[in-house]
Amino acid sequence: MSQRDVQQAQHEREDIVLQMNEVSKVIKGKAIVDKLSFQIRKGEIVGLLGPNGAGKTTTIRMMTGLIRMSEGDIEVQGHSIKKNFKSAIAHIGAIIENPEFYPYMTGLDNLRQYERMTDDVDDDRIDEVVQLVGLQEAMNKKVRSYSLGMRQRLGIAQALLQRPKLLILDEPTNGLDPAGIREMRDYMRTIAEVEGISILISSHMLSEVEQICHRAVVIQNGKLVTVTELGAENSVSEEVTLTFRVDAIEPAIAIAHGTEGIQVVRTDFIRDQLTVTMNNKNVPELVGALGAAGVGLYRIEENRQSLEEDFLKWTGGNRIA
Amino acid sequence: MHNLKRLVVNEWLKLFKKRSFFVPYALLIGMSFIVGYVIHSFAAGMFGSVYDFTVTMSYIQGLGQVVTIMAIIGSSGIVAKEYSQGTIKFLLIRARSRTSILASKYITALIYGLSLTLATAVALFISGSIWFGFSGAEGRWVDVLGSLGYSYVYTVVYITLAFMIGILTTSGGATIGITMLMLMLDKTIIQKEFYKYMLFPNLDLSVYTDGGAPLPGMTLSFSIVMLAVYVLLFLLAGFVVFRRRDVA
């Protein structure tokens, strides 16, 4: 290996924040998580997707050392969770399921608890994270009086306190109302930018993951199903599915059938809609042909295959695992 | 060491910040004065001096056992509550070992027990000095300290027992229930040879002060060794389970 190759390999390794190596959890002979491997790179927002009972929470609990691995290992910034837990966990901030605090203490007292459990965190850092999640006003109120949204924010503050390289959020929008969900999403974006850290979000809310994640890791029955880049497929795939709304549907269908490289997927006579799949570069040609034939065009919409459809395809539809 | 100290501060604050924190202290102090007043009113000749009063009332047969009960109730939740509140998750994902986290909890429980013992002793002494005076009080401090020592040993064993049960059951209610049941049964002495190796007859070290023994063949050092063995067993069971358990 040349020196450049070595440097390259070294660089790639440094870029990996979390590495799962064939991690398994076996309880009473049943594999809850089965030889799961994937990685999270620096600055990435990754979604961990799977139907209920797929092993998402078990996976996250193994990452944070709450549950022991039966086999395999997890490395955080190169430190093994198994062999060097304290160094590994120091780079992780997490909220696992609901954020639970000591209800009879104030928000500040709760954060101080975690400050005393962490090296190199002072009161200035507490102010910093409190500001980031916008809880300044509530710091001296007892956590008992907090709404779920506020507790989520305090949970994020708690997770960010130790300046982690990886933030793990387990079902972060569970139980939040739409405004809360949106707020949460904004926070996650801000955090990824301001703090420059990687985020792992486990969820069964596909639209959530689709909106903010760069990559999705899909698991089912504890096994890896697929790892997919999100928001990239449009630029890559040449094939598009379009729905046209026209003023006269019959001539439109005739034109579509008559043009090469176009497949008619669906026709809707009531709404005067026509859905076709075609190569991206032929779209102007079809639009031109429709115009030339005097077919009035009200609307063209792209039918993107949503993550939901992919997800159902990967996980075998509505089969309850 | 610095880290462990900060963990103990955390645990102490978890007890201290509760609104009910002062209730057991208030109860014990109140009882110290009521007992003093009642005895003074109805059996004034019972104690010769404040030292006499403090020594006798600090014993397990006096307020010593009430102190133990308060210590059990107060420290029963120190592990169990973390599980029932769900705060165990945030607690264990820090760069601190489970061993040191649990050790800080045990130390805090011992400090809590000691603070109850001392608060009661001070209250008893004040109460006693009001109603029984200082006459003939030379050199009795040793007796007071001895009496406190015996009842604190008793409290420590029960705190350790409650601590272990709290870890095993992860339920504060079950911990109080089981420990209290044992506390009620521990005065029963079965007159059999094997029984001297059980925990109960060894709990009260004060029985040896006037040369007696709960069962033939038992001595102060025998009981101290037995108690040490039991305490270590309880701690071993607690730490092993706590370190290995999956938090699901």
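Placement of Cβ uses the backbone N, Cα and C atoms for every residue, glycine included.
Long-range neighbours of the transmembrane segment (B:21-39) within the same chain, counting only residues 6 or more positions beyond its ends whose Cβ lies under 8 Å from a Cβ of the stretch, are 15, 46-47, 53, 57, 62-63, 66-67, 70, 73-74, 115-116, 119-120, 123-124, 126-128, 130-132. The annotation transmembrane segment is assigned in TrEMBL to B:21-39 (among others).
Beyond its flanks by at least six residues, the transmembrane segment (B:59-80) meets 11, 14-15, 24, 27-28, 31-32, 35, 102, 105, 108-109, 112-113, 116-117, 120, 124, 147, 150-151, 154-155, 158-159, 162-163, 166-167, 169-172, 174-176, 179-180, 183, 203-204, 206, 242 of its own chain at Cβ-Cβ distances under 8 Å. Residues or ranges marked as transmembrane segment by TrEMBL: B:59-80 (among others).
Residues or ranges marked as transmembrane segment in TrEMBL: B:106-132 (among others).
Taken from TrEMBL, the feature transmembrane segment covers B:152-185 (among others). Sequence-distant contacts of the transmembrane segment (B:152-185) (same chain, six or more residues past either end, CB-CB distance under 8 Å): 60, 64-65, 67-69, 71-73, 75-81, 83-84, 102, 105-106, 109-110, 112-114, 116-117, 199-200, 203-205, 227, 230-231, 234-235, 237-238, 241-242.
If you look up TrEMBL, you'll see B:221-242 (among others) marked as transmembrane segment. Within the same chain, residues 79, 98-99, 102, 106, 153, 156-157, 160-161, 163-164, 167-168, 196-197, 199, 201-203, 205, 208 sit at least 6 positions outside the transmembrane segment (B:221-242) and bring their C-beta atoms closer than 8 Å to a C-beta of that stretch.
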For the transmembrane segment (B:106-132), could you work out the same-chain residues 6 or more beyond its ends whose Cβ comes under 8 Å from its Cβ atoms?
-> 4, 8, 11-12, 15, 24-25, 28-29, 32-33, 35-37, 39-40, 47-54, 57-58, 63, 66-68, 70-71, 74-75, 78, 144, 148, 151-152, 155-156, 159-160, 162-163, 235
